Amino acid sequence: MRVQKFLKTVFSVLAILLAFSCNQKKYSRIQVSLPISTKKGPLENENLKNWEYKDIETDTLPGISLEKAYATILKNKQPEKVIVAVLDSEVDINSGYFNGHIWTNANEIAENNIDDDGNGYIDDVNGWNFLGNTKGENITNANYEYVRIVRKYNNQFRDKKESEINQELLPAFLKYERAKIKLESEYTKVTRRVKFGEKILQDFLNAKEALKEYFPNGNYTYEKLKEIDTVGNGLSKHVLEIKSVLDYNDSEENMRRVLNDYGNDIKYRLNIKYNARGILQDSLDDISNKSYGSEMLFKKANNYTHGTRMTSVILSMVNNQANEIEVMPVVVEPHGDAHDKDIALGIRYAVDNGAKVINMSFGKEFSMYPEMVYEALKYAEEKKVLIISSSGNDGKELNDNFYKYPNDQTLDNQEDISDNFLKVGASTYSVNKNIKAYFSNYSSLYVDLFAPGYEIYSLFPNGERKKDSGTSISAALTSKVAALIYAYYPNLTASQVKHILMDSGLEYSFEVSTPTKEDKDKTTPFNQLSKSGRVLNAYNALIMADSISRK
């Protein structure tokens, strides 16, 4: 439950308001003048359901005004179909929710073991899996990129000092040194978390056993806990333990899941001796070697749900409006970090097969072969394809010391490689200091835009819809709006769509919470947290797209 306060802050809009003829009607960009009246009383779950599509003027919720756009600007207009490639984990393409909206390669015949369209990928009827092989094996867990870097250079640079390295090898050495520090730090951190998690689980199991007389079925309630006599019988600590579990909405299942994930970190993702790539038999440093992968897109979708969830955000309907989008699943993301080669080939595959938007809701702090991805970005730009990525969920400022790949800027000179790439942070439904999601990364150098990414419903492979949060959601929602622009204004270039999305958002200038280790109370004006300083707005974007497309 949340009570929205009277809005006291002032947020700016674009300096120039465009009015233009659209379906013989005049539409003006959203302009908010404060103070305005907000919803009085509590906002229950039903009020916040699909808040991301709401309008700041009409609903006093800082959504993207997509419902408003469909009801006005897009009413009675006919869109073209647009393909959005989802570079991610596997996708549950057989879900009824996605029926009719999974891309089909019309030039490929299913299951005949022939590359009918000659694109180098056999039986790629609905997309391609760069993590699988023809035997049905699939990479689920993979190393983090910094682990791979340490493994690659360990024999060459171990115990060496910077003064001993020649100039040509210095960049690789410095990358290795950073990666080694990161690996040691993460391994220590995860090991501690495992020990702590094991203690928490054991405390719960002890309490469960001690209180089984009172809760034989494990249906714990605060009321029943209060009734238990804890005087002189040793039950007090067990009652407090169960109360803590209820307070944090925790469960034995969740404790074991978290412990299992930490265990997989140690066993696979942080393990320098573990290399999952053997099942693919490809050469990671050779981009021309692309004859690997599989057409199977959903075998492990239940194991890693991320791709399915992002697809559901992109395909979600607004007030039962017909969806203009088809999703092309391209599997590149395991538990761990994606390989640069898979990302680069995934981008090229999507471009060559007709995608206009590529959603990449993932990121990593290190990159072994960034040039592969840079070249793929340029290739996509030539074909007018827009690429959208997430800023990450570390709650930190991105800078030269904390960087997220993929990106369209080099660390050397911070110049753009291309003009078709967007990195998106996450905003919330609070029009106050908490409008930046607490977990969202931000940067006036490396983040382009913000979009809703907090408590938004997504679909899991079992068909269940749950609240979901993360900058991944923000990127997927931005991809949805980008596809919408292409659907109604197909003549626009990727660069034009990128800048429409950035320039048409709503700008908030008030101070927001950006705590750091050194300063827990630090605040920053919201419009300084990204290049644009804005939050995505579909209504304004469509107005601007219409205007630009007429020129």
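The backbone N, Cα and C atoms fix where each Cβ goes, glycine too.
Note that TrEMBL annotation is computational and uncurated.
Per TrEMBL, these features apply:
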- D88: active site, charge relay system (ACT_SITE)
- H306: active site, charge relay system (ACT_SITE)
- S472: active site, charge relay system (ACT_SITE)
- 81-505: domain 'Peptidase S8/S53' (DOMAIN)
S472 (active site, charge relay system) to D88 (active site, charge relay system) - Cα separation in whole Å: 10
All-chain count of other Cβ atoms within 10 Å of D88 (active site, charge relay system): 26
PLDDT averaged over every residue in the domain 'Peptidase S8/S53' (81-505): 95
Integer Cα-Cα distance in angstrom, H306 (active site, charge relay system) to D88 (active site, charge relay system): 7
Local Cβ density at S472 (active site, charge relay system) - other Cβ atoms counted within 10 Å: 28
